[in-house]
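Asks: Copied straight from Swiss-Prot:
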ACT_SITE  8  active site, proton acceptor
ACT_SITE  129  active site, proton donor
């Protein structure tokens, strides 16, 4: 199982939110590229980036820090937030991003996801953010009547590289991930599923791994708070 350290970008800084609330922000580093370098130095093989302002604006806002991270770090990175058209997808991939994450547009324009996945094999992931099993969009500000599992199944034959499943009520709360719901989703589709939201300890990571069906896990606040030692966790996940 791959561990993805998360760098959430707001106003050019690396931050964490609680439950996706932009008013409940903690700034962890005002130099996101330096934060990324520290994660790479600890041994991570991927980075997970989110343009929080972009998720609300519907277009990239934190392009400068993302580009700085891409230049500073030799490991692949995936990015979500404000990526809602083919031109933006192409621009990011041409700048060296390994994978784009499409969230809101997966609900509102699923044909774009399919088109992008055909054009860029292995470089397009679908971000499914759910509250009580139902998908939320536009930076989690709008709730839909779409069930997370139904949305995931709708992309079964689209060729997407991964599904990133975030349980909104767990995100940033350090209360543990929704391992059961994530594993259930992973069993429902053949697409690799990455867990996000609530990872608060090494035991949480090991439980996700031991499910046997979850391909990756994203962790943010637990790494910044020191609840998880990144190098130690990476080593533990090898066994």
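Including glycine, each Cβ sits where the backbone N, Cα and C put it.
Context for these features, please: burial, neighbours, distances.
Replies: When other Cβ atoms within 10 Å of the Cβ of residue 8 (active site, proton acceptor) are tallied across all protein chains shown, the result is 26.
In the three-state DSSP scheme, residue 129 (active site, proton donor) falls into the strand class.
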Asks: Reported as an integer number of Å, what is the Cα distance between residue 129 (active site, proton donor) and residue 8 (active site, proton acceptor)?
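Replies: That comes out at 15 Å between the alpha carbons.
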